[in-house]
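According to Swiss-Prot:
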DOMAIN    4-38  domain 'SAP'
DOMAIN    68-153  domain 'Exonuclease'
BINDING   70, 72, 253  Mg(2+) 1 binding site
BINDING   70, 190  Mg(2+) 2 binding site
BINDING   72, 73, 248  AMP binding site
ACT_SITE  72  active site, proton acceptor
ACT_SITE  248  active site, proton acceptor
């Protein structure tokens with residue numbers, strides 16, 4: 001049961017005295033002292049929850065599966081990320097890092113609501129036509145379909161999407177995660193920008209199963225091979241491979257990312273989360289990674 005926050009000077013002094021804290025000062029000083037104490041307690045509670053859900057290095061949960069995504073979104077030429085991008089295509093590939101293969105695929109187009117008419121630039125870039133998104137479900141319905149798709153694999157995803165609980169990061173995030181699966185994408189933008197924006201626009205709560213730590217494949221590749229950061233084509237060229245399908249089509253981009261992951265697995269690369277996100281403009285790096293960040297000279 002939550003303790004009632006003291007409001008009067010006498011109540012604050014009694015509460016501070018019970019905690020063995022100073023009761024000197026005016027009401028404002030006493031309130032600040034109480035708030036500081038509450039902040040410290042909240043940080044301690046979060047840290048205890050982290051310890052509960054994190055694992056030791058000896059017993060860490062290694063990633064077995066990646067959920068590879070590459071969303072496409074509405075766009076205007078020259079606007080970049082300042083544009084109010086809405087998701088129009090959402091693929092998800094369930095990839096087995098041990099078997100080095102795709103187990104299952106999810107794919108759906110999404111109907112935008114704020115700016116339902118695609119720009120000529122967007123249609124040219126993605127190849128997605130107006131008639132395709134006009135008959136597509138809205139984002140909330142696609143998200144429910146994706147949840148059902150992932151729930152279908154609850155026998156291998158540990159914990160399942162029904163059970164996962166993500167704790168909000170403090171100053172650092174544990175490198176080892178109590179999950180055998182993680183989201184993965186090309187750079188941070190799919191998760192920390194496009195998806196985060198979509199939840200913000202739709203005023204939807206962000207479920208624990210889609211936020212938290214994820215693998216930024218582009219940065220992960222850079223750190224593993226000690227090379228400058230590059231795009232999907234650049235990563236494929238490392239093995240003499242060519243892009244298959246149409247660039248900037250979400251499902252084709254995701255499949256080519258899976259080819260990169262497969263090659264890295266064949267070279268005994270151990271995948272781990274290197275980024276996290278909680279909501280729009282609330283994201284960051286996971287410190288103490290196995291592959292130290294590479295900074296090209």
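Glycine is no exception: its Cβ is also placed from the backbone N, Cα and C atoms.
Between the alpha carbons (Cα) of residue 253 (Mg(2+) 1 binding site) and residue 190 (Mg(2+) 2 binding site) lies a span of roughly 12 Å. For the AMP site, the Cβ centre of 72, 73, 248 serves as reference, and the other residues of the chain with Cβ at most 8 Å from it are 71, 75, 88, 89, 122, 125, 126, 128, 249, 250. Checking each of the binding-site residues 70, 72, 73, 248 against residue 190 (Mg(2+) 2 binding site) by C-alpha distance, the shortest gap belongs to 70. Averaged over the domain 'Exonuclease' (68-153), the predicted model has a pLDDT of 96. A gap of 9 Å separates the Cα atoms of residue 70 (Mg(2+) 1 binding site) and residue 248 (AMP binding site).
A gap of 7 Å separates the Cα atoms of residue 248 (AMP binding site) and residue 72 (Mg(2+) 1 binding site). Largest Cα to Cα distance within the recorded AMP binders 72, 73, 248: about 10 Å as a whole number.
Classification of residue 72 (Mg(2+) 1 binding site) by DSSP places it within a strand. Other than 70, 72, 253, the residues of this chain whose Cβ falls within 8 Å of the Cβ centroid of the Mg(2+) 1 site are, in sequence order, 69, 71, 89, 91, 186, 190, 248, 249, 250, 251, 252, 254. The most crowded of the binding-site residues listed here (70, 72, 253) is 70, judged by how many other CB atoms sit within 10 Å of its own CB.
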